[in-house]
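S.K.: Here you go, one structure.
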Amino acid sequence: MVKSHIGSWILVLFVAMWSDVGLCKKRPKPGGGWNTGGSRYPGQGSPGGNRYPPQGGGSWGQPHGGGWGQPHGGSWGQPHGGGWGQPHGGGWGQPHGGGGWGQGGTHGQWNKPSKPKTNMKHVAGAAAAGAVVGGLGGYMLGSAMNRPLIHFGNDYEDRYYRENMHRYPNQVYYRPVDQYSNQNNFVRDCVNITVKEHTVTTTTKGENFTETDIKMMERVVEQMCITQYQTESQAYYQRGASVVLFSSPPVVLLISFLIFLIVG
């Protein structure tokens, strides 16, 4: 008997709890429905809970409430409200609002100044070094270098060089190192094309070079061509080593396994 009573009370308690949960789910939220005491929109002033923007407390179409098209409210098209297109509100396109489109607010406006565009001349100038020079048969122009300090064996030439070194080139023309069998061929070709181009360009501007200038220019350009060859050779061998490393079977298998783990 005791067990049967206990079971009955447990059943009754379970049914009561289930019914209470069902009622809680069906119970309407306060002030959330249409035409109820609450409002569906935040920031409305009336307790009537209409469906339109912030109003002053009257019903629809009244002169002093907050209804549609009224002179004293917060609705659409009013002169003293917060509706759309008004002169003294916070709506769209107003001169005295806060946050609307094109207003005097500080955030979210569409009339911000556009960002300055990148000057393409600066981009082209930055990409000039190391690029293939048109009209020179595949020669490239190296980066600017400091002109080396060279001693020519006598005071006159040393002084002449120091006084005129600014007239000599600080960049050299060259072809890729893989087109030459050794450093001497690279340097000889580099010196010839660089001195020729610099002489022609400078002569066109009305400045002539003497035999002493040509002699010193060849010595200066030779040193710069040697430096250019060493730089290009090191970069070439590094690229070749990278290709060999990533083409080896163990590395290929490792990369394939990592890709399989990421994709899978």
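Glycine residues also receive a Cβ, built from the backbone N, Cα and C atoms like all the rest.
Residues annotated as signal peptide in Swiss-Prot, with similarity to another entry given as evidence: 1-24. Feature annotation from Swiss-Prot assigns region 'Interaction with GRB2, ERI3 and SYN1' to 25-241. Under the heading region '6 X 8 AA tandem repeats of P-H-G-G-G-W-G-Q', Swiss-Prot lists 54-103. The annotation repeat '2' is assigned in Swiss-Prot to 63-70. Annotation source Swiss-Prot lists Cu(2+) 1 binding site at HIS72, GLY73, GLY74. Look at Swiss-Prot and you will find 87-94 tagged as repeat '5'. Per Swiss-Prot, the feature repeat '6' maps to 95-103. According to Swiss-Prot, the feature disulfide bond maps to CYS190-CYS225. Look at Swiss-Prot and you will find ASN192, ASN208 tagged as N-linked glycosylation site.
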S.K.: Just to verify: the residue among ASN192, ASN208 with the fewest other Cβ atoms within 10 Å, which of the glycosylation sites is it?
M.R.: ASN208
S.K.: Could you measure between CYS190 (disulfide bond) and ASN208 (N-linked glycosylation site) for me? Cα positions, answer in whole angstrom.
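M.R.: Here the two Cα atoms lie 22 Å apart.
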S.K.: Provide the number of Cβ atoms within 10 Å of the Cβ of CYS225 (disulfide bond), excluding the reference atom itself.
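M.R.: Taking every protein chain into account, the count is 24.
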S.K.: Round to a whole number and give the Cα-to-Cα distance in Å for the pair ASN192 (N-linked glycosylation site) and CYS225 (disulfide bond).
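M.R.: So the Cα of CYS225 (disulfide bond) lies 10 Å away from that of ASN192 (N-linked glycosylation site).
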S.K.: Quick one: pull the CA-CA distance for ASN208 (N-linked glycosylation site) versus CYS225 (disulfide bond), whole Å only.
M.R.: 23
S.K.: Give, as a single whole number between 0 and 100, the mean pLDDT over the region '6 X 8 AA tandem repeats of P-H-G-G-G-W-G-Q' (54-103).
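M.R.: Averaging the confidence scores along the region '6 X 8 AA tandem repeats of P-H-G-G-G-W-G-Q' (54-103) gives 47.
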S.K.: What count of other C-beta atoms do you get within 10 angstroms of the C-beta of CYS190 (disulfide bond), across all chains shown?
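M.R.: CYS190 (disulfide bond): 24 neighbouring Cβ atoms within 10 Å.
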S.K.: If H, G and I count as helix, E and B as strand, and all else as coil, what does DSSP give for ASN208 (N-linked glycosylation site)?
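M.R.: Once the DSSP labels are grouped into three classes, ASN208 (N-linked glycosylation site) ends up as coil.
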